[in-house]
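As recorded in Swiss-Prot, the features of this protein are as follows:
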{"type": "DISULFID", "residues": "24-122", "note": "disulfide bond"}
{"type": "DISULFID", "residues": "52-162", "note": "disulfide bond"}
{"type": "CARBOHYD", "residues": "101", "note": "N-linked glycosylation site"}
{"type": "SIGNAL", "residues": "1-23", "note": "signal peptide"}
């Protein structure tokens, strides 16, 4: 009788530990995918940023929502998922396809889709474990507003090559922030 009871206790402890730990396990390849996406986005550049200085704009990236020093994993994953989804939506629009090399754009969007799948799997783990913080909704709304400003800008500029170059550079900065955040979260787990 003692052995089945001990076995049941081990199962309960393992179950409790796996559901109460804050972390979620992103695949080892996630950081590599992030870096590859940044490389692809850099390769997509068609114009010198200097030739588009007149078109530059501050879109108000919500840096505090991805600040590696202030955010916890339970807050970070939903924000990073929203960021990735918004970038994917932006670059899969019909107006986007005319602006970029088709092969690079396809590879970039495929990589984003893989990242999004990783993040959404992680998000499902977090949702299953506990209630997510209320600040998550504020953070996701901040990301949506940020990308709305980008979309309006592109429309106002009639999706000009310079407008897309400004947006490409802006998205590169946003993705770089997300890579830094994920790196910090990975370090904390070790």
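In case you wondered, yes, glycine gets a Cβ from its N, Cα and C as well.
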Other C-beta atoms that fall within 10 angstroms of the C-beta of residue 162 (disulfide bond): 17
DSSP three-state assignment for residue 101 (N-linked glycosylation site): coil
Least surrounded among the disulfide-bonded residues, given as 52, 122, when other CB atoms within 10 Å are counted: 52
From disulfide-bonded residues 52, 122, 162, the one whose Cα lies nearest residue 101 (N-linked glycosylation site): 162
Other C-beta atoms that fall within 10 angstroms of the C-beta of residue 101 (N-linked glycosylation site): 12
Rounded Cα-Cα span from residue 122 (disulfide bond) to residue 52 (disulfide bond), Å: 38
